[in-house]
């Protein structure tokens, strides 16, 4: 609405003219006197009859003469109210910024002389200002008054360049309704020149024109609008999978103009997919409106998707703050565009129609362009700059899912170190970051069936996924419950896939060491083929952004100790029998007589499934027997047979290799001899 106007004054020039010599002049008056401007002569006559005489008699007086002095004088005085009534200007009057706005400039034209006069009145635009008036559309009216300030007739209209006739001592109270054709921004200055020219003085060749100066400042509120949003997550993301998700909006409107705003309307129409939370619904908070932090008693008009505060007064420099809460509607989706703008409307010129329309995005909305009267060249606290940068809300459809990839089971040597299992933990959810904070996701690495000869060593982050614990890689530390924190492994958390950004993952390495035995001497069992199953379990702990923790996931890996399973078989047969011809091999005790031959088979089995074992050396030291020089060997998978080495009672056979699951045999015999020499 229209704000209270500031007033201006105008330059005044008065001129008094008389015939003769100019006596004095100043900014208000010019006096010019002429003696004996004309003479007034008069002779009296008389007619009469004398009684008794019918003849008319006449008489004539002497002539008397009056020398008349004429005074031509007038003043043009600015009379609009402003902050300095004693100056010579109609100064800094207010004009609304809308095209067609009008400002009234008041002047008093007075005939201070003793003769009737006619005055030509002219108005025009100055050249050193910031906007022009529409002279042809501006209207000049006046009311004549007598010397006692009583009206003479009614209000008259005079054209620009038209005449006003005044008798001596009469005045004309002039009002110039100066009109503009174009809209203007705040603070723009327009200057109007006003002059009156005396026909009487002009005819006498004397100074005949008095001039005034009027100016008006474009006066309007302008509004700096800032809108922001924050969801229940403390971000600007709203989770469409969370029935309790909401958005809190804040609108700040500061009047940075040079006029107060009255009956202002502040409104916000929500985008498709969002709706206001109504009283009685879950997560409802009442909308608020405050002026400089103090509550304003205005009840908003609320529909499903629009909130309006009407009748808001915003004085210069004041800030109005509005808050309200919204939630998703049934048609919301992750493709919804949750960007909208706060709108401020004001009827600056008071004609009943909003002419100031401003929004927080400084853009055309729904086909309606902005008309905010702002001047971006003004300082930051007066330019009405708007900001919608923090008002956009991103819809997400949050889903939580963590996966872990299995690592292949391993066959390892009985005595081994640094056997590494790699597990990849991946965030397969959507619109959520897992393990962004400590304690949100834990995991454990524990044996399912504990084998004392198989031990879990370090748990680490295999940053280069090479299956080795390299220098500089992070070794993880378990808590007292033997739980590891995924945030320690991924300090920034694991993001979900979005666009060209892949799902976040981290590779966890687990070192396993073995300390098995291959001896069957006692208790006649080896650790060959024994194993331990290890389980790694991912344990989501907390609700994240309103979404509950997903189910635990796990995978297992089995470590099996393998190597050479060595058995020794024996049989008794006649000396000279080919060792490979023996079929009754046993591992149990047997009986023999002195002088007989004992046949031996050393059986070496590579128990690995696919791993080759090289340089397998089988050796046997004979006791109370004499080697019979009949060494033989075979293999089950065509690997080279063993190479013999006989050194007294030490019998050695060496296989260059045995492939996985291959059996290598060494055969020989020895004659029983108590001395070991015959």
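Any Cβ shown, glycine's included, is placed from N, Cα and C.
For 1-27, the entry in TrEMBL reads signal peptide.
The domain 'DUF11' feature in TrEMBL is assigned to 242-349. For the domain 'DUF11' (242-349), the model gives a mean pLDDT of 97.
Under the heading region 'Disordered', TrEMBL lists 359-398.
Positions annotated as compositional bias 'Polar residues' by TrEMBL: 362-375 (among others).
If you look up TrEMBL, you'll see 389-398 (among others) marked as compositional bias 'Polar residues'. Tertiary neighbourhood of the compositional bias 'Polar residues' (389-398): same-chain residues 227-229, 231, 236-242, 247, 249, 273-274, 328, 332-336, 338-342, 360, 429-432, 545-547, selected by CB-CB distance under 8 Å and a gap of 6+ residues from either end.
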Within the same chain, where does the compositional bias 'Polar residues' (362-375) have neighbours whose Cβ lies under 8 angstroms from its own Cβ atoms, ignoring anything closer than 6 residues to its ends? I mean 6 or more beyond. 97, 183-188, 218, 220, 222-223, 257, 341, 343, 348, 355-356, 383-386, 388
Its residues classified by DSSP, the domain 'DUF11' (242-349) shows 0 helix, 54 strand, 54 coil
With DSSP as the yardstick, break the region 'Disordered' (359-398) down into helix, strand and coil residue counts. 0 helix, 12 strand, 28 coil
